[in-house]
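Each remark here refers to the structure printed beneath this line.
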Amino acid sequence: MDIKTRFAPSPTGFLHIGSVRTALYSWLFAKRYNGSFILRIEDTDIIRSDKNYIENILDTLHWLGITWDEGPYFQSERLEVYRNKINELLDLGHAYRCYCSTHRLKKLRLQQMIAGDKPRYDRKCRDHTYSMRKSSYVIRFKNPLHGKVIFHDQIRGKIIFKNSELDDLIIQRRNGMPTYNFCVVIDDLDMNITDVIRGEDHINNTPRQINILQALNVKIPNYAHVSMVINDDKSNFSKRDNSLNVLEYKKRGFLCQAVLNYLIKLGWSHKDQEIFNVYEMKELFSLRAISKSPSTFNVKKLLWYNQYYLNKLSINDSLINQFIEHLKSFNIYCTDNVYLFKIINFMRSRCNTLQDLVLQSRFFFEPVNNVDMQLVRKYLFDQSYYILKYTYYKLQNLNIWDTMNITTLLKYVAKKFSVLLKNICMPLRIAITGSDISPNVSAIMEIFGKENTLHRLKKYYHFLKKCSL
Ligand code: GLU
């Protein structure tokens, strides 16, 4: 049978690191065995589900290139299917209507808690055959009373639950809506899911779901429960915590390749290898190599991957376009791809995100509009005005505009005025970039081009003159 896996998020919060990692593992497992992967949106909780979250799920998967072969299916569009199956279970005697009032259930719960017992439904309606037409009811699954549920988790090994510990699960609420545990079972069955790969928080649901499948007399899928991802401070991730919204990392200038690589390594390993491209991921991924213990999210490690990919990727249209988008978010508009190529190429080794790249290369796009007096006092000296002016004329006559020739010329100027090269370069840097921190000024001038450099230089020494400096 062909492998078929799924990712089944509930759209009740932004997709966070842990969920996306589960999606990635599920996708890779299917791809590794030439199987298929489906996306199913579990939106039966109408109060907490939100269409912004659905959009967030789709955008996150798109960004990371986690593609689905079927779907997205929406549970809210399959209510009829669940209703039919619930009727089938009722007919088979595996489910029953429970007419107990919420008041009675609350009282029961309280009594059990006072007595130190685990709160659970006492199965009052389980063996009633009557139907109380006018009262509201829920439908419960008749969980077997004895025996055990044993399954072999592909990550955690053999797991055993006693039926005596399981409740008669509600499969349809008073408002007629089927519940999560039921819909999941029916969908996985209908969609021929062979391997259910999901978060460890669902382990306790698994025996309940297996019992429903057994009542329906159908094949049980394989299960793999992936451990949790926890924060640096050991707290659990909350769905509502936006700092973990994976798309936030896109906004902050992380690259999808880095996020994918970080995610696969967060709880999975293959020898000592750190770097994996998607082809290798699909080739090497295995559930057996997933760690059983929780993984700690570490943003520094993610930054390390990002810096790696930012420097390794070829500077193609895709990277340039992403840079353009980040520039736009700082109100910088540039469409000169050749210029952008040179800037990325020159600046990326000192940056770890695209946002950082924008911040560190702003001066390439924004004019220097004033004289920073602090910098003047710190770095300029009596002759600076004349030296800058002299340099300007010398540069004007330079025929081959490249880093090497510019540096040779600057050395010549330094010698002529008997000053150190840095005393030429720093005022030039300030004139051209507006700051005293920047990479090699000759290289910057090459990227700026002759006209642009001369324009900035002239503007600056005119400023100096105006200020009588
Ligand atoms: N919808 C569930 C969730 O978002 C996942 C269900 C499952 O994978 O079985 O936690």
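Glycine residues also receive a Cβ, built from the backbone N, Cα and C atoms like all the rest.
When the ranges 9-19, 42-52, 449-459 are checked against TrEMBL, the one recorded as motif ''HIGH' region' is 9-19. It is 236-240, from the ranges 201-205, 236-240, 366-370, that TrEMBL records as motif ''KMSKS' region'. Surrounding the centroid of the Cβ atoms of CYS98, CYS100, CYS125, ASP127, where the record places Zn(2+), the chain contributes additional residues within 8 Å, namely TYR96, ARG97, TYR99, TYR121, ARG123, LYS124, ARG126, HIS128, ARG140. Sequence-distant contacts of CYS125 (Zn(2+) binding site), defined by Cβ-Cβ distance under 8 angstroms and a gap of at least six in the same chain, are TYR96, ARG97, CYS98, TYR99, CYS100, ARG140.
In three-state terms derived from DSSP, CYS98 (Zn(2+) binding site) belongs to an extended strand segment.
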